[in-house]
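Pulled these from Swiss-Prot:
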type    : residues           : note
BINDING : 109, 110, 111, 112 : (6S)-5,6,7,8-tetrahydrofolate binding site
């Protein structure tokens, strides 16, 4: 097939690799514009743009996608299908209906669960034990199109969104190649989504990372894993921001007496923090505002205290 690809971050590169291996003709890669990044705020090109340049594929980086300009440019390339993977923009009907096979999306969840911009993060943060990828025929709704193919993946106990994303990306590439093969053969029967089963994976905000110590320890740990690397998990210690970098539920430890957020040193292990329902979270690595990351025990030693309150 002649494919026009729309995608921006590293997650989308696995789909490009899969299309290339399957012998599809990539007529263009459409990515978001280069953006300032890092401390120096130097312009950084998207991962998909770097891939396209390395493979000799034309790159388009429009600021706007709904003024007809992009649709006209792609129409001139006569693609058989548009493939979309984490592009980060909402496409209008002119793009969705441009190619004979329409627009096909690689989505990082088992739709209709986790429709939206952050499916990987929310699946981990909500304690899912299984997620996966969906190859979907796009429509004008938010991830509401018909399902062409799905592949499931079991989450590991220590998965974060950062460790899960590359595995889902690879699985998505494999599923995409298979779906296109079946589509060309006329062997796919699209399946409508059940809206009653839908959940929303909204865009993450900084405040999502604030630890709610009144939640059970398992939920606090799941949120930490889901929100790694951004926005991370953070609390306060005597008015200073404290990032919680590593923690896990500790069923073998009694929760410190007092309100949720009460923390005490567990010799040789870390900080036991009281959470909701009488549960305990063992915090092992932290970063106090203005300091480098350190073990929770080193933090306690530096404060010369065995017990203190978090969230104050």
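Cβ atoms are placed via backbone N, Cα and C, with glycine included.
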For the (6S)-5,6,7,8-tetrahydrofolate site given as 109, 110, 111, 112, which other residues of the same chain have their Cβ within 8 Å of the site's Cβ centre?
107, 113, 114, 115, 119, 132, 134, 143, 150, 193, 198
Among the binding-site residues 110, 111, which residue has the largest number of other Cβ atoms within 10 Å of its own Cβ?
111
What is the total of other Cβ atoms whose distance to the Cβ of residue 109 ((6S)-5,6,7,8-tetrahydrofolate binding site) is within 10 Å?
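Summing over all protein chains shown, residue 109 ((6S)-5,6,7,8-tetrahydrofolate binding site) has 24 other Cβ atoms within 10 Å.
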I'd like the Cβ neighbour count for residue 112 ((6S)-5,6,7,8-tetrahydrofolate binding site), meaning other Cβ atoms within 10 Å of its Cβ, all protein chains included.
19
